[in-house]
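S.K.: Supplied in structure tokens, the structure appears directly below.
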There are 2 protein chains.
Amino acid sequence: MKISDLSESQLLALFLPIIDEHNQRVAQRQQGESPVLTLGPGDDCAVLNLLQGKTVMTIDTQTENQDFRRVWASGYESGGYDVGWKASVQNLGDIAAMGAQPQTLLVSLSLPGDVESDWVKDFARGICDSTLAQGADFCTIAGGDLGRSSEISVTVTAVGSSSGEPVRRDSATPGDVLAVAGSLGAAACGLDLLETPQQQLEELDDYQRFFTGQTRPAGALCYGLVAAQSAHAMMDISDGLLRDAGRIARASGIGINIDSQKLAAFFEPLRPAAACVSAWGGKQESPEQILLRWVATGGEDHAMLAAFAPDRVPTGFTVVGRCGSEFAPEAPVTVDGRVFDRSGWDHFSG
Amino acid sequence: MKISDLSESQLLALFLPIIDEHNQRVAQRQQGESPVLTLGPGDDCAVLNLLQGKTVMTIDTQTENQDFRRVWASGYESGGYDVGWKASVQNLGDIAAMGAQPQTLLVSLSLPGDVESDWVKDFARGICDSTLAQGADFCTIAGGDLGRSSEISVTVTAVGSSSGEPVRRDSATPGDVLAVAGSLGAAACGLDLLETPQQQLEELDDYQRFFTGQTRPAGALCYGLVAAQSAHAMMDISDGLLRDAGRIARASGIGINIDSQKLAAFFEPLRPAAACVSAWGGKQESPEQILLRWVATGGEDHAMLAAFAPDRVPTGFTVVGRCGSEFAPEAPVTVDGRVFDRSGWDHFSG
């Protein structure tokens, strides 16, 4: 059944029971403590008893054909589950990057009439499952909005609480090391394979496993919490390591040098996929060039990128660079001491 | 200049100074008190010191050609200022309907490449100006997201604080009166005129003044705060009086009867416009029928609709009906004791 066959209340009747069940499970897990969400979806607003301390908030939109496709060149179909999953990872990545605990999500879904009603149920399941898979056991879905559009558009607001001072991106200091926790390059690898015609992929063993880096990224929520104690600066990598490292460098007024040798640790799991993409592209890029592109400039992994004093790097973080005192506005980030010419994803250029 | 000619950071450089100036003015107004917004746009998350008490939150999306048109049949062009204005009113209406004080907004803007860069600046000004015009003097813009899309889509999350218990919609009781504060029918009137060809409008004196009911609704934020002390139940009228009264009735398990005589108070300012629309439609609807349709079923006025004990109706509210003990699931709301057959706006049906 298409959603154009349903009234708004019929559509809500598909969506809300999944959300309500999720919220009830969260409340059960909190047994004994007073619940954060005291009034869930259904009124003008949700009502929350947020944890004491600072509140952190972010908002992010995914749009069809910009951030995902319903059907990719590879034949893979991104369903509601994928889109819901990623919406949660994107937003909780921002909460984690402040060193904060996720509290709740608000979800707005704009849909064309030709979307199947199952898509909406899958979306609800995807966002709930992803939240749990990331370890956000106490994160409810407080409310939302449903409307019509000519392309799928999903906006999520995430709210978190921080008992201490949230970790900003403007406080890296010279002498810090720059370290990453989570996947790097997996989302870009998945994107390239999703955009590769299916017949080119058949050489690649179990190729669908690489799609998930793009369609259902793992996120790095737990690492954000681990790093909150010692990180001088932190952000999540949504637009690529070099571009996002540049943001820490600019905000902190420092220079950052990335050691390409250290990035090689992220190459290994992606190597078979890089060989496949290189062959398809007529080898205009070598597999090594592709791996470096994915790992250094690929966005959407939502790994944690943080600056630490060299002796205070937490378990799970891999040191990939170093912060220096010289800030060069035109090239705040270098790779092996040189300017690198591919600098990640810009939503507007080109 | 079109936004396709700009990079993401160039676009942000147009948008953020307007938001930052707004936030600075809010901070100046709060002189002496510790600011709610301690870190504004630019990091992964905004950081807030929310006021003590319950936090209320809502999210709402406006999509081009669903919620507004860039160019209407009347020739009127809805600019960024209108869209920003309405986004603020929609969301603050939900905060007000809980009896809460607005604290901050988060804004996500998805835009096609052919949108003029001035649209984006106008949007930022519209949302800031609207917030102030509604009396939300301490409401900041904490953060946002900018992305590409094939149609304009604007999502706003609003956050409020309530020192007491937020006013829900499920607590109206038999014997309560139902009352409205703010405009009723002005948004529907504006919509009908915006959709009327310009040559039909020229008979109507200063016809553009009616557009603003739809393009720049006034909202009723202050009435929500006034009603918080005594309202048993409250919501904002976003989908029409009858439809939204039905929601209070269903949630509270009561019946509501609207007195059509009381609605006439809202007819007067709209009467010249109703005559114009009636004439254009070949008088298939009489002016009186049009007025009743606008006032009883028109959405988007964001007036406050609340149930009070009869002796506790605050100044500014007009009693339009009464709550009875009998709940009829098929017709929870009657008009003059009879079922009314036009029941407001459904985002999905038709």
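Using N, Cα and C of the backbone, Cβ positions are placed for all residues, glycine too.
TrEMBL: automatically predicted annotations, no manual curation.
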S.K.: Taking TrEMBL at its word that A:ASP44, A:THR58 bind Mg(2+) 4, choose the one of A:ASP20, A:ASP82, A:ASP94 listed for that site.
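M.R.: Looking at A:ASP20, A:ASP82, A:ASP94, the one TrEMBL places in the Mg(2+) 4 site next to A:ASP44, A:THR58 is A:ASP94.
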S.K.: When you rank A:THR58, A:ASP94, A:ARG169, A:ASP236, A:ASP239 by Cα distance to A:GLU300 (substrate binding site), which of the binding-site residues ends up on top as the closest?
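M.R.: Of all the candidates listed, A:ASP239 is nearest in space.
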S.K.: DSSP on A:ASP94 (Mg(2+) 4 binding site), three-state: which is it?
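M.R.: Helix, per DSSP.
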S.K.: Can you break down the domain 'PurM-like N-terminal' (A:42-160) into helix, strand and coil residue counts using DSSP?
M.R.: 35 helix, 47 strand, 37 coil
S.K.: If you measure from the CA of A:SER238 (ATP binding site) out to 10 Å, which binding-site residues from the list A:ASP44, A:THR58, A:ASP67 are inside that radius?
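M.R.: Qualifying among A:ASP44, A:THR58, A:ASP67: none.
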S.K.: Can you see whether DSSP assigns A:ASP236 (Mg(2+) 3 binding site) to helix, strand or coil?
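M.R.: Note: A:ASP236 (Mg(2+) 3 binding site) is in a strand by DSSP.
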S.K.: Quick one, of the binding-site residues A:ASP44, A:ASP60, A:ASP236, which Cβ has the fewest other Cβ within 10 Å?
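M.R.: Result for the binding-site residues A:ASP44, A:ASP60, A:ASP236: minimum number of other Cβ atoms within 10 Å at A:ASP60.
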S.K.: Suppose we call a site close when its Cβ is under 8 Å from a Cβ of chain B; which of the binding-site residues A:ASP145, A:ASP239, A:GLU300 are close?
M.R.: A:ASP145
S.K.: Between the Cα atoms of A:ASP236 (Mg(2+) 3 binding site) and A:GLY144 (ATP binding site), what distance do you get, rounded to the nearest Å?
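M.R.: Computed Cα spacing between A:ASP236 (Mg(2+) 3 binding site) and A:GLY144 (ATP binding site) is 25 Å.
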S.K.: From the binding-site residues A:ASP44, A:THR58, A:ASP60, A:ASP67, A:ASP94, pick the residue whose C-alpha lies nearest to the C-alpha of A:GLY144 (ATP binding site).
M.R.: A:ASP44
